[in-house]
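A short worksheet on the structure shown next.
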Amino acid sequence: MSNINKQKIVDSVPQKGFFGHPKGLFTLFFTEFWERFSYYGMRAILVYYMYYEVSKGGLGMDQTLALSIMSIYGSLVYMSGIIGGWLADRIFGTSKAVFYGGILIMFGHIALAIPGNITLFFVSMVLIVLGTGLLKPNVSTVVGDMYAENDNRRDAGFSIFYMGINLGGFISPLIVGSLMGVSFHLGFGIAAIGMFVGLVMFVLTKKKNLGLAGTTVANPLSPAERKKVFTYIGLGIVVIAVICAIAIPNGYLTFETFVNLIGILGILIPTMYFIVMYRSKKTTSVERSRLIAYIPLFIASVMFWAIQEQGSTILANYADKRTQLDFAGIHISPAWFQSLNPLFVIILAPVFAWLWVKLGKKEPNIPQKFSLALLFSGLSFIVILLPAYFGGTDSLVNPLWLVLSYLICVLGELCLSPVGLSATTKLAPAAFSAQTMSLWFLSSAAAQAINAQIVKFYTPATEMAYFGTVGGASLVLGIILLMLAPKIQGYMKGIR
Ligand code: GLN
């Protein structure tokens with residue numbers, strides 16, 4: 001998209017009206033609030049739904065399998081962002097992508113709300129994977145579209161938006177987690193209602209608040225390209241269908257091969273993405289340099305999210321199996337621990353925003369913030385190995401250990417996540433704007449693809465080694481990144 005077009009979009013959005021930010025931020029804040037409400041509500045109980053016995057309303061799956069599925073699911077949810085980003089950039093624009101995505105997500109949660117069988121469970125996964133791929137990266141791109149290139153409210157805008165995400169993520173596990181004892185399906189039903197409310201909000205307020213933002217197609221397909229692309233897509237679908245038709249009945253496509261396949265895709269897709277963007281004629285030389293700077297940031301982001309996302313898999317399991325749930329006179333639902341991460345984000349995001357301003361010239365640059373994130377995430381895993389170190393793995397652990405671990409990880413998240421969202425919109429080559437946002441989410445996809453491989457190493461007997469190795473890897477990467485920070489900053493060509 002040319003700079004003139006970008007400016008036209010900015011001019012069409014009422015520039016004030018939501019905490020001194022463009023009015024459209026209200027619409028995007030609440031759309032994403034409800035989408036995350038539904039997503040994190042569902043994730044807070046899904047893991048238990050999978051491995052709880054049938055007599056307790058669960059599906060009675062093997063526990064390691066359930067943890068692995070959670071990671072693969074999380075990976076696919078973010079991987080599908082490349083489809084969502086591509087469709088938005090080249091076919092229908094970000095606003096429509098958000099709308100279609102919301103519809104698919106809502107039906108996904110409805111499928112889980114219907115008491116049924118494993119088929120409905122997988123149907124729901126497909127719908128939510130595709131729907132989130134359409135909605136999540138695109139709603140974030142529209143946030144960036146509302147600000148002029150040099151508007152210094154952009155970072156704060158993303159921080160406010162990040163609050164919306166986390167408000168949704170905070171409230172829903174509390175509600176849905178309380179209901180899971182009654183019925184898992186009731187909990188999933190609440191998630192569906194949440195997405196419905198989000199969709200209504202989006203549709204009712206977008207025209208007035210978002211102006212042209214999200215309505216243009218950044219890099220539309222030419223008729224010739226269109227023909228070629230649709231032929232390739234058709235062929236691709238046929239090839240995949242044939243492979244499945246041969247592989248599944250003959251037992252070649254086991255869950256293990258699928259996990260491995262996602263693991264490979266998790267690394268391969270972002271690599272190809274970088275290559276295509278780097279080599280595109282539409283990418284300028286300054287943008288190329290910025291793409292180079294983005295690579296180490298991307299790797300750091302993978303490491304960070306690998307730990308952060310284990311909050312809803314390994315640590316969720318730790319909450320269920322290793323933690324005293326009768327504490328201070330109340331019975332705690334293990335799902336409630338999922339509210340801790342967003343709660344700390346909400347409390348601490350303003351503190352961090354204040355801190356960065358307060359530090360002024362001493363504010364760490366983007367690569368330095370990313371390395372801090374890795375140091376914190378590493379530390380959060382070191383902390384959670386301590387209860388086993390002091391007390392062994394036979395007795396139940398005081399829940400405050402988990403609280404502390406989540407808290408430390410959030411300190412890292414606030415150095416990386418809002419910063420990364422904003423940096424992505426700044427570092428993106430213009431022709432790939434929505435797709436670069438998908439690239440950012442591919443770091444979460446790659447992280448969880450790796451998690452799906454490593455969860456099998458987590459058992460009570462290996463608990464300390466597990467947390468120590470993963471946490472240690474993060475600490476080491478954090479130190480390396482800190483040393484490389486000045487060089488990376490140079491490649492960013494003036495972006496701060
Ligand atoms: N918790 C944040 C969100 O849902 C970040 C997720 C991610 O990027 N992995 O947006």
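The backbone N, Cα and C atoms fix where each Cβ goes, and this holds for glycine too.
Copied over from TrEMBL, here are the features:
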- 1-210: domain 'Major facilitator superfamily (MFS) profile' (DOMAIN)
- 64-88: transmembrane segment (TRANSMEM)
- 97-114: transmembrane segment (TRANSMEM)
- 160-180: transmembrane segment (TRANSMEM)
- 186-204: transmembrane segment (TRANSMEM)
- 229-252: transmembrane segment (TRANSMEM)
- 258-279: transmembrane segment (TRANSMEM)
- 291-308: transmembrane segment (TRANSMEM)
- 335-357: transmembrane segment (TRANSMEM)
- 369-390: transmembrane segment (TRANSMEM)
- 396-416: transmembrane segment (TRANSMEM)
- 437-458: transmembrane segment (TRANSMEM)
- 464-486: transmembrane segment (TRANSMEM)
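Through the fold, the transmembrane segment (396-416) approaches residues 300-301, 304, 307-308, 311, 315, 318-319, 322-325, 327, 332, 337, 340-341, 344-345, 348-349, 352, 364, 369-370, 372-377, 379-381, 383-384, 386-387 of its own chain, all at least 6 residues removed from its boundaries and within a Cβ separation under 8 Å. In this chain, the transmembrane segment (258-279) does not touch the transmembrane segment (369-390); fewer than three CB pairs sit within less than 8 A of each other, excluding pairs fewer than 6 residues apart. Using a Cβ-Cβ cut-off under 8 Å and counting only residues 6 or more beyond its ends in the same chain, the transmembrane segment (437-458) has close neighbours at 64, 67-68, 71-72, 74-79, 81-82, 84-86, 133, 136-138, 140-141, 144, 259-260, 262-263, 265-267, 269-270, 273-274, 277, 294, 298, 301-306, 308-310, 313-314, 317, 420-421, 424-425, 428, 466, 470. Averaged over the domain 'Major facilitator superfamily (MFS) profile' (1-210), the predicted model has a pLDDT of 92.
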